[in-house]
Amino acid sequence: MLPFSGETRSKPFITAFFFLIYVVGVLINSSIITVICLEVADHTIVYLFICNLSIVDIFYTSVTVPKLLHMLLSGNHIVSFAQCYTQFQCFFTVAAVEETLLFVMAYDRYVAICDPLHYPHILNQRNCSLITIGIWVIAFFSASLYVTSALYMTSCHSNLIHQFFCDIKSLTRISCTGTTMFLIITAIDIFIFGCIPVTCTFISYIKIFNVIFKMKSRESRGKAFSTCSSHLTIISIYYVSCITDYLIPNQSDVLDLIFNIIFATLIPMTNPIIYSLQNSNVKTAM
């Protein structure tokens, strides 16, 4: 695995950069979880989702960055098939959880703004706990099916991955046989965990904005917009980087690396910052 081949002079800077991203991301997300669990008085459903998002973001960086730091510091870039597919399994699990969780948070905003009287019945503690557990279970088994199909691919073009972790495009680029079933399952997973959540999120916000624009009070409209702005910012950055990376073919290795760094390391670090800056209760507790 050669993510930064030929950049020996820049390796100390690259190592420090990823180390700082990892430490800051873990500390910020851990702080958000701790503050919400211990200090925020009204443990409403939105805070349960924010906690889960912080947990996912910790896993996001922990799946990829420590192995990258080990390679940069030790100079040993050999990755076994077991390590590669284990990393692929874990990364796809947390990616599927985050994509689904972002949609559920959009639905939470939709119910809170468009149908507030039924909010306690639709999104109560029991239902949201079951939804959260279901998201993790479904994502894990989907990733397991994904990895199982990837095991049938034969790497005959090359044994070099020009990426800082084992991802979909890197594995298919070095494979020449057994990719048909893998690509079929990839298309199905993109539809289930990509197209459906994006479409449902888009529909939810159309209905949300329709209700907001009908509000007569400017103060009510501003309050409603403020509750959605942080979530809109996060899903915009996340989906734009994912779509650009995975749905636009024939990119260079450098561009693929840049987009992977954005949504696998930078976005998990900035997610809690965006939410904490927009949430007065979290800021006060911090």
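Cβ atoms here come from the backbone N, Cα and C positions, even for glycine.
The domain 'G-protein coupled receptors family 1 profile' annotation in TrEMBL covers 28-275.
The transmembrane segment annotation in TrEMBL covers 12-38 (among others).
TrEMBL lists 45-65 (among others) with the feature transmembrane segment.
The transmembrane segment annotation in TrEMBL covers 85-107 (among others). Beyond the ends of the transmembrane segment (85-107), by six or more residues, the same chain brings 46, 49, 52-53, 56-57, 59-60, 63-64, 67, 131-132, 135-136, 138-140, 142-144, 146-147, 150-151, 165-167, 171, 189, 193-194, 196-198, 200-201, 204-205, 231, 234-235, 238, 264 to within a C-beta distance below 8 angstroms of the stretch.
TrEMBL lists 128-147 (among others) with the feature transmembrane segment.
The transmembrane segment annotation in TrEMBL covers 181-203 (among others).
TrEMBL lists 224-248 (among others) with the feature transmembrane segment.
Positions annotated as transmembrane segment by TrEMBL: 254-277 (among others).
In the predicted structure, the domain 'G-protein coupled receptors family 1 profile' (28-275) carries a mean pLDDT of 83. Against the transmembrane segment (12-38), stretch 254-277 shows more Cβ pairs under 8 Å than any other of 128-147, 181-203, 254-277. Within the same chain, the transmembrane segment (45-65) stays apart from the transmembrane segment (224-248): fewer than three Cβ pairs sit under 8 Å, each pair at least 6 residues apart.
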